[in-house]
Ligand SMILES: Nc1ncnc2c1ncn2[C@@H]1O[C@H](COP(=O)(O)OP(=O)(O)O)[C@@H](O)[C@H]1O
Ligand SMILES: [Mg+2]
C-alpha cells in the first residue's frame, strides 16, 4: 500500500510489520505484513474489529513493544524504543493519581530536569491551551473523563511530539463529550502541526476525523483497504457525502466483524 | 470518618456546608453505634455479674476493674519499689509503661516498613540481588514471629532491642513479599506512561513505581499493626523488663483478674488509637488511595 502521495519523506514508515504474541495458549499473530506511510501533518485513523491489532500497531510505533518482523521508522530513524517525537494517549485515564494535574502535564519535563517554577508556568500555558486553565492544582480524580483526556493530551504535547498516537481516547466518554472532544482534537492537530494516528472502532468518528482511514482485517490484522476522506472541514455528519463514506466503511468492516465473530465461536 | 480535605475545599460554599452537615450527621450516627455496641457488651457482662454467673474474682465486670483506677495504677510502678507508692507517681508509671510499649511498636514498625519496602525495591531493581535473596526470604517468611523470640533474646539480650526486633521481624518478611507483588502489579498503563515520557529505570522506580505501591503497602502495614502489638506483648512478658506485656504477666502470676482486664482495656484502647493515627497519616499523605480501600471506623 505504498503511496507516493508527496515527494517529501514520510514521518512514519511501517514496512512489512508483523507481530506475534507468545502466550501460554500458543502463538497469536496479531499483525502481518503491514505497509503504511504517514505524512507530516496527516490525520490517519485505524479502523477495525476489536482484537485485530490496532493497539498493537500503535504500541509498536510508540516503541513500547518489539516487532517480530519488518521495520518501523519515525522521521527517518528506526524505532527501537519510546521517543519524544512520538506521544501516546491511552484509552483509559492514565494520569498519575499521586500528582496534581499540573504536575502530571509536565511530568516528562521533570524527568528532563526542568525546575519546579519553570514547570509550573509551563503547565499553566499547556492547560490553558486545552481549556483547563484552572485545573493545575486539582487532583486527576476531580476532573471529568473528558477533562482527564485533555490533560493527557497536554501532557503529550508538552514534549512537542511530531506525531500523536491515540488509542481509542474517547471510547469511555458519553456521546456529547465525545463529539466535543473530536472538534477539540482537530484544533489541537491544526495548532500543534503534529501528525495524528488515531485508533477507533467507530465508523462515524473515523469519517469525522481522518484524512485517510486504514481499514484492518480481522486477526491476523492486515490492511484491508485505505480510504481517503476528501470532505472539507468542519464536517457535517448529516451530509450525503459523509453518509456515503460511512456506508462504504460499514460494508468494508462488516465482513471482518463477521469473520472475527466466526473465529471467536470456533475457538469457544 | 474519612477526611476529604481537598475535594471538600473544591466545592462551592453552599455545597460544602451541606457536605459538612451530612458528615456530622453521619459522625453522630457512628458515635451512637459505638456507644451502643460497647454499652451492650459491658451491660451483658454486668448483668452476668448481677445474677451471679460471673465470679467477680475471675471475671470482674467493668465497674469493678475500672473502679480502683489508682490501685491498679500502683501495679505499674516498677516492681522493686515495695510498699505504698504515691498515686501521682503511680499514674506516671502507668503512662511510662504505655509509652514504653508504644515506642517499641512504633520503632519496630518504622524500621520494618522502611527495610522491607527497601528490600522489595532492591530485589526488583537489581535482578541478581533478587535471585540470591528471594528464595531465602520466601523460606523464612512462614516462620511465626513468636518462633523468633529466643533468637531475639540470644542476639539482643534483655531490654528494648529484642522487643523492637520482634516487631521488625513480624513485619519484614510479609512486607518484603508484599512489596514485590505490589511492584509486579503496578498498572501497565502507568509504566507505559513513564516509558513514553522517557523515564530511565531509576526514574521509573522513583516517580512511578514507589508512589503507585505506597498506599497498598500502608494498608498492609495497618493490617500488621495488631500483630506487632501481639509480639511486643509477648516479648515484654518474657523478659524485656517493662511494658504492658509485663503487667499482663504480673496479673497472671499474682492471679489479679482485675488488673488483667484493666490492662487489656488499655491495650485495646492504645491499639485502637494507633490504627486511627495510621489511618490519619494514610488520608493525609497517601491521599490517592481509593476511599473504599481506606476502610471506615
Ligand atoms: N501483551 C499481549 N500479550 C499477548 N497477546 C496480546 C497482547 N496484547 C494484545 N494481544 C493480542 O493481540 C491481538 C490484538 O490485540 P489489540 O492490538 O489489542 O487489538 P485491538 O486494539 O485492535 O482491539 C489480540 O488477539 C490480543 O489478544
Ligand atoms: Mg485496542
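Backbone N, Cα and C atoms are what each Cβ position is placed from, and that goes for glycine too.
What TrEMBL says about a protein is an automatic prediction, not a curated fact.
It is B:203-221, from the ranges B:203-221, B:279-297, that TrEMBL records as transmembrane segment. The list of residues near the transmembrane segment (B:228-251) in space but at least 6 beyond its ends in sequence, with Cβ under 8 angstroms from a Cβ of it, reads 75-76, 78-79, 97-98, 100-101, 104-105, 108-109, 112, 145-146, 149, 152-153, 158-160, 162-163, 166-167, 169-171, 257, 259-260, 263-264, 266-267, 270-271, 274. Taking Cβ pairs closer than 8 Å, the transmembrane segment (B:31-54) reaches residues 60-64 in its own chain, all 6 or more past its ends. The transmembrane segment (B:163-183) shares more Cβ pairs under 8 Å with B:105-126 than with any other stretch in the list B:105-126, B:132-156, B:203-221, B:257-278.
Within the chain carrying the transmembrane segment (B:257-278), a Cβ under 8 angstroms from the stretch's Cβ atoms is held by residues 57-60, 62, 64-66, 68, 72, 75, 98, 101-102, 105, 218, 221-222, 225-226, 229, 233, 244, 247-248, 250-251, 297, all 6 or more beyond its ends.
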